[in-house]
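Asks: So TrEMBL has the following annotated:
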- 29-53: transmembrane segment (TRANSMEM)
- 74-100: transmembrane segment (TRANSMEM)
- 120-142: transmembrane segment (TRANSMEM)
- 162-182: transmembrane segment (TRANSMEM)
- 247-273: transmembrane segment (TRANSMEM)
- 293-323: transmembrane segment (TRANSMEM)
- 343-364: transmembrane segment (TRANSMEM)
- 384-403: transmembrane segment (TRANSMEM)
Amino acid sequence: MVSYLILTHFKKTAEFVTDDAEDATVNKIALWLCTFTLSVAVCAVLLLPISILSNEVLLTFPHSYYMQWLNGSLIHGLWNLVFLFSNLSLVFLMPFAYFFTESEGFAGSKKGVMARVYEAVVLLLLLALLVLGIVWVASALLHDNIARKSLYDLWEYYLPYLYSGISLFGVLLLLLCTPFGLSRMFSVTGSLLVKPRVRLTQQAVLCFSNIVKSFVALKSPFVAFLFFDFLLVLAEMRRKASPWQRNLAYPLAMLVLLGLTVMCVLMVCFNVLELLLDETALPRGMEDPHLGMASFSMFGSLGAAVQVVLILYLMVSSVVGFYSSPPFTGLLPRAQDTNLTEIIANCVSLLILSSALPVFSRTLGITRFDLLGDFGRYNWLENFYIVFLYNMLFAGLTSASLIKTVTWAVQRELIRAFGLHRLPLTVSRSTVPFRLLLASGLSKIQ
């Protein structure tokens, strides 16, 4: 229901309210397929948080009669269903929806919805054969034995191999989009934090220059300075119209972003050390989650809650980075003005990102909850060098974006917002960092 409401908010109304009943019916069917795909994407995002929280609930209420329905079998079934429906949506439903909206029926056939269905199905079969041939040749070049088996056993070897490649693409996309999204969020929050004072300074300088020119022409510079001081008071009052935003909301938002990002980097660095010292730190699959036996965090329920927050934070960052990157900026949906082709492209993109999120989080060591079902059968998860290089790249890119976007102006505004600029100048340099002293001095000069 939520997915349907989201899509109806962005869809172009003219495509569904037309004189051609056939086009309207085709578009409605494609919209329902997109709704299903977006729902699967949301379920994929919530897989790890629900699994982690379920384990903590069973640890807190181990003998509760009302929690008997919550068990490892239920969670394992959810993982399998999400994996199945992700494959179904990516391989069949979304290509069919695109072909269905673009088809007009074969030449010479009777027009109607079924004619479009026949054409879309034929195109989908041709696409499936093309992809099957490409992936089979690729698997033959890399793993000859697997390629021979996949030719005879399509479901057991070929589809997991295909989805392993799709998952690897999604994890690489997350690697690029997440640091870019973090940088984008820091830039926006930093501009909101610094902009009020910058605007005041620019406006004050402009008014001062105009007033001085006017009153100098009248040979009254003293009156000019008095009037300029009055304008500064008015500008200061205007700036204080919403002090809670300037002094509380924006600094707290920046601190929350800083805290979450620093925790992510520290956890990734700790995971790198574990990879170097212990081979069991590699992500792997498991058949029975054994819920309610032990916490998946060394800090108990609090650590599990932090893991859930970090997983959702990384997903939001990846979505922001995806829509902010130049190749995908044109996909950004617009309210009541997004055509159906763009909606299909957005659903496919979000499903690729969200279905790779469990593997992404476990590879980086954000959580110790091992992958369930077919999520843990990816071939590249057992490669130490790929996992190690992936962790190093994420830590490096995220640290670089953090250093680049958290400028001295943002640090100065944070120090001013929390009153640290009022520290006495008699404090020694050994107790206060150099940047804090410099920011305090700049604030006093200003």
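Glycine is no exception: its Cβ is also placed from the backbone N, Cα and C atoms.
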Asks: Under 8 angstroms for C-beta pairs, at least 3 of them, ignoring pairs fewer than 6 apart in sequence. Is the transmembrane segment (162-182) in contact with the transmembrane segment (293-323) by that rule?
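Replies: Stretch pair touches.
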Asks: Out of 74-100, 247-273, 293-323, 343-364, which stretch has the largest tally of CB pairs under 8 angstroms to the transmembrane segment (384-403)?
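Replies: The stretch with the most contacts is 247-273.
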Asks: Check for me, if you would, whether the transmembrane segment (74-100) reaches the transmembrane segment (293-323) - at least 3 Cβ pairs under 8 Å, residues 6 or more apart in sequence.
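Replies: Contact absent: fewer than 3 Cβ pairs fall under 8 Å.
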